[in-house]
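Engineer: Please find one structure pasted underneath; my questions will follow.
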Amino acid sequence: MSSVFVHSIKVPRLYKTAAKIVREVRENGGSLKSLLYKQKHPNVSAIFALCFNTLQKEVQLDHLIDKTNLLKNEPRLDVWLAKVLITELLWGKKALESYCKPIKTILSYEKCLRKELNNIDKETLQTFNKTDMSFVAVLGKLFIYSIAMFTLPFGVFYGVQHIMKAEFHVDRFVINCVSVFAAVITVNVIIACYVYQALHEPDNVAEIKAIADQPSKDIKKARYTRINTLLLQLKDGISYFQEEGWILLPRCSSYERHLSVVKSLKKPNYIQDFHIPELFVFPADTSFYDYSGYQNGEIILQDKASCLPSFLLNPKPGSVVLDMCAAPGMKLSHLAAIMKNSGKVYAAEIDQQRFSTLCKHVEVIGATCVETINKDALTLRANEFPDIEYILVDPSCSGSGMLDRKLVPNEQKCAPNRLKQLQSFQVFLLRHALLNFPKVKKVVYSTCSIYPEENEQVVDEVLENVQNAYKLVPVRELLKEEWLNFSSKTYNCSDKCLYAISDVDLCNGFFVAVFERNFDVSLPKFNKIGSATVKKEQKEEETKKNEKSNGKMNITRKRKKCGNGKQAIKNGKVSSKSKGNNKAVQKNNGKPALKRKKM
């Protein structure tokens, strides 16, 4: 028999897709965001919410499945599908609508599941109502020890006070002794409470409550919505939001004031972003998936951090731009809007599936100036694209700044080897952009990472490669000093680059560096290895040569030392040659020979 359910009515695609994604995240360490991009399901928001809730409630789900013996009684039921369905039933829609076998199975356990869910908090309360003799014993010992340590010395002193009266004033001793005794009792009670809690709270209940009560407001990100000015003018977009019942708040005078307003945003209020005019900020829990403007591409859900690279690149209408890693197309569409669909934007993407997503997005948003290229950006050459003036480099990275990853429990950090591989690729791609396109005026490098290995260290290495052909533009000047977080001054790039910090800027974590061409200096020749790497290798080679030569010199010195004052011995006898030498020495009466005899 098959080990899985065989049924005529299929499981709804939403649940199957969510179960597949959750399995990949947990078993293979996949990225939730990347896996969502690969799915072709039309309702991406619903899948994300379901996957996210399932991952957050995983400890509770394991507890419920264990207590109800669900998988023991139903061995053919897929564990990940079961978790997704239970999540939907208990915390999502709170209902399951289908006659397929897995859903019917979960519904048959609904009463048991809800009962066990209610029992989680009850178990905690019941534990505190039980009397445990081991705890009483511990508390008793603690109390006796405290009395012995603090109270007995005072009792002894009180017993001999009549002897001490002549030397010490002990008139208020009884009051002081009572005060100390009361303090000891109070300390004992406080310690007893902590000991009791440590001994009695079950580990699994504590862990379940910690996960269940984990508030998403710990890292609160606002909902950012960009008006797609390719299809909808800014004033019409504001009118559209007004028709939907939203009230636009006045613009703030400073960025810090703007952030304080964003933190306290509540429906029906929204505000225009402080830096990017076409971007608007709504309360964190706002959903736009049912809005007609979202469905037809007039409004785009794009985080502020993702808007910053295109905004800082700022190509003029009529320019020629290259987006080296274009999918899924958010930054690309923003570039097209900044250029007012005038000019040309080349969008390169190597992955076939992501390229397909990119093409669909370009069509929906009405970006007629975009030409998509299904190629590796590293293979693009200036003779194919001779007029490129602006380049956006947003390569693959660890994604350590993405809030979606931070909110997923047990999300692992990027391994050092993986980080090193990413850094090598990022350096190579950025050098390719800077050195292989001679007409380029400006290049923006960005990552959704908060690791210096992918940010400042990449910029420093590339700056050494390009010498003075490019300069790093201080981002604080581009934003008119209205920003709070910058790169570290411990690196050569100093504080000229920008960091978006989730807790501060209320958006995803991001890094942006802006390079500007200095046409007074010719471009260095592009070396696939990189001058910094070459110098490093040259130093290593020189070190090895020096070590070798030093080794040879030491060996020669040792040989010379061994040869002086020693006879050449062969088979235990002095050789004839050495005998002759000895005779010559004897003839000179032990005096050193002034001239070497010709042989």
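Cβ from N, Cα, C; glycine included.
In case it's useful when we look at the structure, here is the feature table from TrEMBL:
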TRANSMEM  142-161  transmembrane segment
TRANSMEM  173-197  transmembrane segment
DOMAIN    213-518  domain 'SAM-dependent MTase RsmB/NOP-type'
BINDING   GLU349, ASP376, ASP394  S-adenosyl-L-methionine binding site
ACT_SITE  CYS448  active site, nucleophile
COMPBIAS  540-550  compositional bias 'Basic and acidic residues'
REGION    540-599  region 'Disordered'
COMPBIAS  570-583  compositional bias 'Low complexity'
Engineer: Among the binding-site residues GLU349, ASP376, ASP394, which residue has its Cβ surrounded by the fewest other Cβ atoms within 10 Å?
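Structural biologist: Fewest other Cβ atoms within 10 Å, among the binding-site residues GLU349, ASP376, ASP394, is found for ASP376.
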Engineer: Identify all same-chain residues not among GLU349, ASP376, ASP394 whose C-beta atom falls within 8 angstroms of the centroid of the S-adenosyl-L-methionine site's C-beta atoms; report them in sequence order.
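Structural biologist: Sorted by sequence, the hits are ASP323, MET324, CYS325, ALA326, ALA327, ALA348, ILE350, ASP351, ALA377, PRO395.
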Engineer: Quick one: pull the CA-CA distance for ASP394 (S-adenosyl-L-methionine binding site) versus the residue listed as 'active site, nucleophile', whole Å only.
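Structural biologist: With the alpha carbons as reference points, the distance is 9 Å.
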Engineer: Could you tally the C-beta atoms, other than its own, that fall within 10 angstroms of the C-beta of the residue listed as 'active site, nucleophile'?
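Structural biologist: A 10 Å sphere around the Cβ of the residue listed as 'active site, nucleophile' contains 23 other Cβ atoms.
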